[in-house]
Amino acid sequence: MNLAAMDPNTYDAQLEEKRIKLEQIFTDFDTPKLEVFSSEPAHYRMRAEFRIWHDGEDMYYYMFDKALDSKVRCDQFLPASELINKVMPALMEELRPNPTLRHRLFQIDFLSTLSGEILVSLLYHKQLDAQWEIEAKALKEKLAATFNINIIGRARKQKLIIDKDFVIESLTVNNEQLQYHQIENSFTQPNGKVSVKMLEWAIDVTKNSQGDLLELYCGNGNFSIALAQNFDRVLATELAKPSVESAQYNIKINKIDNLQIIRMSAEDFTDAMAKKRTFRRLEGIDLDSYNCNTIFVDPPRAGMDPDTVKLVQGYDRIVYISCNPNTLIDNLAELSKTHKITRFALFDQFPYTDHMESGVFLERR
């Protein structure tokens, strides 16, 4: 991470560079005007990870700065949420003088929410015992006087939870509240306010939809829960078990009654739709009963494999969220043969970095 590049005074300029770069990448495609959704210039990351450096009696957070090729002390961290920045010194003040909690501590992870909850994970190169648990409970009790906080201790093949291993995020999307169960050590959108803009964009491009929605790679249901209002039914797939459990939880707390989550990979689901194989996980689910005219995909950085691209091409309307414009371009080379891009967006999830989150909405030619 290049810490020197994180200067709010340069935010607008770096976003403009991304806009120009993304438009250049898409030169070979007929795209509408690029919609650009900016981030807060500071305190935008809802999660952060720090290594811990021990220096005699002192102990502090640090990160490795690639530009300097060295570690940099981080008593505060500009990109992290204001809540993380408030908890960082308060936590360290309690850890430094506590031999049980500081011994062989090598990393601290923070997961915060816009709604004011924070989860702190303490990672150790030692096994955690009953004394550690006593001290950690006392630590939580002291910090809980100021913060809505929970603590996790992690070591090899060990996880101790005090008292929860998740947070509940509450997002205001088009003036409505959506709640999301976010579990420790699983994927969540890092930039909370930009995530809201992404949800609102996806709702907008799919308004006035007919029929049902299929979503691949649904994670904790982040998009499918928000989009359920636009469709008769939603069928979503996700492979990671913790994410599926969170998605089921989120369906309940948001009182969504038209969303079905299936735990399976996009590749396996592609085989199931093509009737190449049968899967026990699909027992009781009549895929043929769904009338999916729209498909939503948010694949990993590697993009979609050729078979999944072929599956996606079978739908009249495609919403594609991408964290890697290069693999998006690769997939669009095939998708654009049958579909045209009618909406095009840049979401600045990761300010001051080269990463670009983009979205395209395609309709059959």
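Think of each number as a place in line: the chain as shown, counted from 1.
In case you wondered, yes, glycine gets a Cβ from its N, Cα and C as well.
Now, the feature entries from Swiss-Prot:
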- Gln189, Tyr217, Asn222, Glu238, Asp298: S-adenosyl-L-methionine binding site (BINDING)
- Cys323: active site, nucleophile (ACT_SITE)
- Glu357: active site, proton acceptor (ACT_SITE)
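Location within the structure of each feature annotated in Swiss-Prot.
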residue: Gln189; record: S-adenosyl-L-methionine binding site; contacts (Cβ under 8 Å, 6+ apart): Met46, Ser195, Met198, Asn222, Gln349
residue: Tyr217; record: S-adenosyl-L-methionine binding site; contacts (Cβ under 8 Å, 6+ apart): Thr237, Glu238, Ala266, Val297, Asp298, Pro299, Pro300
residue: Cys323; record: active site, nucleophile; contacts (Cβ under 8 Å, 6+ apart): Pro300, Arg301, Gln349, His355, Glu357
DSSP three-state assignment for Asn222 (S-adenosyl-L-methionine binding site): helix
Neighbour-count leader, CB within 10 A, binding-site residues: Glu238, Asp298: Glu238
Sparsest-packed among the recorded positions, when each Cβ's other Cβ atoms within 10 Å are tallied, from Asn222, Glu357: Glu357
Shell list (S-adenosyl-L-methionine; ref centroid = CB of Gln189, Tyr217, Asn222, Glu238, Asp298; cutoff 8 A): Phe187, Glu215, Cys218, Gly219, Asn220, Gly221, Phe223, Ser243, Ile321
Annotated S-adenosyl-L-methionine contacts Gln189, Tyr217, Asn222, Glu238, Asp298, maximal Cα-Cα distance (Å, integer): 16
